[in-house]
Amino acid sequence: MEKLAGLTHLFVTVLLGSFSAFIVIPAITDVTMSALCPGKDECSLAIYLSGFQQAIIGLGTVVMTPVIGNLSDEYGRKALLTIPMALSIIPLAILAYSRTTTSFYAYFVIRTLTAMVGEGSINCLALAYVADNISEGQRASAFGVLSGVASAAFVCGTLAARFLSTASTFQVATLVSMIATVYMRVFLKETFPKGDSSQALLKKEPGMSPDDGNSSEKIQTFKKIPSVGDLISLLKCRAAFSQAAVVVFFNGLAEGGLQASLLYFLKARFHFNKNQFADIMLIVGVMGTISQLLFMPLLAPRVSEEKLLSIGLFMGCTNIFLNSIAWSFWVPYAIAALAAFAVFANPCVRSIASKQVGPNEQGKAQGCISGISSSAQIISPLIFSPLTALFLSQGAPFYFPGFSIMCIGFASMIAFIQSTMIRAVPPISSQPTSNSIEA
């Protein structure tokens with residue numbers, strides 16, 4: 001694992017950037033409620049607006065993340081990482097300045113637009129950067145450490161939010177986001193994909209003359225701006241990659257549903273405030289950080305990624321179902337410990353996908369996976385936000401405040417079932433070049 005030392009500047013960049021994003025999460029629910037429905041614990045408008053924003057952001061990232069990932073294969077990870085990190089500063093600065101209703105709507109619009117570019121791009125580019133520098137045998141552990149760094153930022157951000165005022169929270173977030181961008185530009189070394197282009201998943205037809213001009217260019221898949229056909233071809237090339245994509249979609253559906261609904265459910269059900277949200281998130285972050293930084297590097301070389309993926313998804317599914325039937329305020333605190341295992345899912349599925357493409361296609365592959373996750377987050381709030389608002393209102397067809405959360409659990413269960421069907425296959429780079437799949 002000595003190669004991980006070469007990723008120190010990336011880890012610091014991710015730590016600072018993630019900190020600035022996570023520190024505002026406990027506060028944003030209260031800011032939204034105060035701006036839209038002052039003095040109330042239940043606000044359908046806030047739920048619908050949050051769901052709408054999440055869907056629009058997902059729509060943008062479906063398009064932008066594969067494009068940015070693909071461009072990073074051409075122009076380098078650092079160059080493309082600058083764009084989303086710089087854009088993320090703007091919406092934070094708006095709420096750092098003011099949190100009036102007018103400022104909130106300005107934040108809402110700017111945050112939606114900037115997140116369409118940056119929401120999944122930073123993670124996608126960081127994963128591709130790791131893949132550029134770490135061998136396939138150590139990649140699952142490295143992805144776990146990267147996720148652990150993000151979890152550590154989650155813990156630090158949540159803990160800081162617990163003791164800062166709402167105004168100070170957004171001011172600190174803005175400052176740290178600026179520091180992260182400057183640090184990345186100064187210290188992070190640029191990387192480009194390594195490896196022979198003959199390892200590409202999709203190649204030109206054999207016998208094609210380089211003098212064929214435009215016809216030759218048209219059949220080259222994974223152009224600088226990938227088409228839908230390119231992404232479909234990528235999904236069809238390897239069974240393990242397509243199965244991982246299904247897992248990512250349904251897991252993204254569950255994560256998007258929780259993001260759109262869980263905090264509002266807890267606020268309406270148990271009257272949770274910003275500090276109580278922060279406490280639960282702190283438990284989740286601490287358990288996730290310990291798991292990813294300590295357990296993941298030990299387990300990944302000994303237990304297959306496919307098994308770790310299934311374990312993580314099963315624990316996540318269990319967590320959601322228990323939240324849906326929470327009968328007392330202490331239940332969400334108790335089951336937050338399941339995060340110690342649920343965090344296995346993301347680095348494992350990313351590692352599985354990474355091994356199914358050549359070294360010069362890591363940006364494309366991670367962008368494709370991020371785009372699929374984002375597409376799930378377009379659909380998720382459209383389903384679960386209205387469902388949450390309905391079952392938290394007086395007009396619910398029957399009394400079950402956690403009904404929408406339970407439905408989210410079923411999406412997570414589908415991801416778990418699909419994960420059990422993934423079988424270990426040799427990475428593409430270990431196969432003879434002649435076996436490469438052709439367009």
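Glycine too: its Cβ is placed from the backbone N, Cα and C atoms.
What TrEMBL lists as domain 'Major facilitator superfamily (MFS) profile' is 10-421. Residues or ranges marked as transmembrane segment by TrEMBL: 45-67, 79-98, 104-130, 142-164, 170-188, 244-265, 277-296, 398-417.
Of the candidate ranges 79-98, 170-188, 244-265, 398-417, 79-98 has the most C-beta pairs within less than 8 angstroms of the transmembrane segment (104-130).
In the predicted structure, the domain 'Major facilitator superfamily (MFS) profile' (10-421) carries a mean pLDDT of 81. Under 8 Å from some Cβ of the transmembrane segment (170-188) lie the Cβ atoms of residues 9-10, 12-13, 16-17, 19-21, 23-24, 27, 78, 81-82, 85-86, 88-89, 92-93, 95-96, 99, 160, 164, all in the same chain and six or more residues away from its ends. Listed as Cβ neighbours of the transmembrane segment (79-98) (distance under 8 Å, sequence separation of 6 or more from its ends, same chain) are residues 13, 17, 20-21, 24, 31, 68, 71-72, 104, 106-107, 110-111, 114-115, 117-119, 121-122, 125-126, 129, 167, 170-171, 173-174, 177-178, 180-181, 184-185, 188, 190.
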